[in-house]
Amino acid sequence: MSVNTDTTGDRRRIRQVHSFFTRHLLEITRNRTALFWSFGFPTLFYLMTITVFIDLDQVPSAVEPAVMGIVAIGYGVFGAVIVCLNAFGQQLADDIEQRRYSAFRALPLSPSADFIGRSCASILMAAIAFCFVLVVSVLTGASYSLSSLSALPIVVGAFLLSSLIWIVLALFIAVIATNGQYVNIISLSIALISYFGTGFNGTAPSSFAGDLSLLNYLPNSLATRVLSYHMVEIDPEPADGAPWEAAGMVPPEMPVGPDYLGLLALYAVVFLTAGLLAMRYSMYKRGAWE
């Protein structure tokens, strides 16, 4: 009997995840402002960067396609961050502001299903925004090549882990601000500051004012540099790392090895735990873990 009850509960939770996923995805696609900031803004900035801000004549021809790819990855991550911060946070704040959670608390809804459903929708849109910039960059001459077959799960993992961090941050912004307009302003400000303040997400270390080694530890720049290393091939690559230096990515050293992905995973686990607790105790006012 308990097995049947557990199975029924699991099925109900899965249906709730799907419902929150579908609802949040529809809300994102209907929000033209969010779509512009997530897709149009990063793409326009990429095009401006390669045509105005970067003198490609000063870039060695052998690494020019890779440099353009690295720039695009930086802007793609920027777009993904906007989706996770702005789209997730704004919709959650709207639900808070319109007192929908008063109704949600009265229903047998799972807080974790709420969080997972919204998060999956945001991650999907973030991935689309990221890929959109990359597709545009290919049309401008950028090139990409996975460093190895094993690089695929690393790329996917780094992107997912990074997205989770920003989603949880958006949750806390929404809980504190409780107003969609405020969340919009705060989230866009954080996205812009994190991008430009870390040397274009770690793709231009020379423009970073702090200790360069921090670029391999800050969540947004670390994820971007991991993605760049595994998605862009600079050939030939001697042991001294000269091609990456020619691309402007070192110093600091490129984040190679499982330790860096493990650090992203640690960040994500801490943030995810905090997010689930916040959703349960702050949003649903529940006192016991499911």
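Backbone N, Cα and C atoms are what each Cβ position is placed from, and that goes for glycine too.
Taken from TrEMBL as is:
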DOMAIN    16-200  domain 'ABC-2 type transporter transmembrane'
TRANSMEM  34-54  transmembrane segment
TRANSMEM  66-89  transmembrane segment
TRANSMEM  115-139  transmembrane segment
TRANSMEM  151-175  transmembrane segment
TRANSMEM  182-200  transmembrane segment
TRANSMEM  260-279  transmembrane segment
Item to check | Beyond the flanks of the transmembrane segment (182-200) by at least 6 residues, Cβ under 8 Å | outcome: 33, 37, 71, 74, 78, 81-82, 85-86, 89-90, 92-93, 169-170, 173-174, 206-208, 215, 218, 220-221
Checklist outcome for this item: Counting only residues at least 6 beyond its ends, the same-chain positions whose CB falls under 8 A of a CB in the transmembrane segment (260-279) are 111-112, 114-115, 154, 157-158, 160-162, 164-165, 167-169, 171-172, 175, 216-217, 219, 222-223, 226
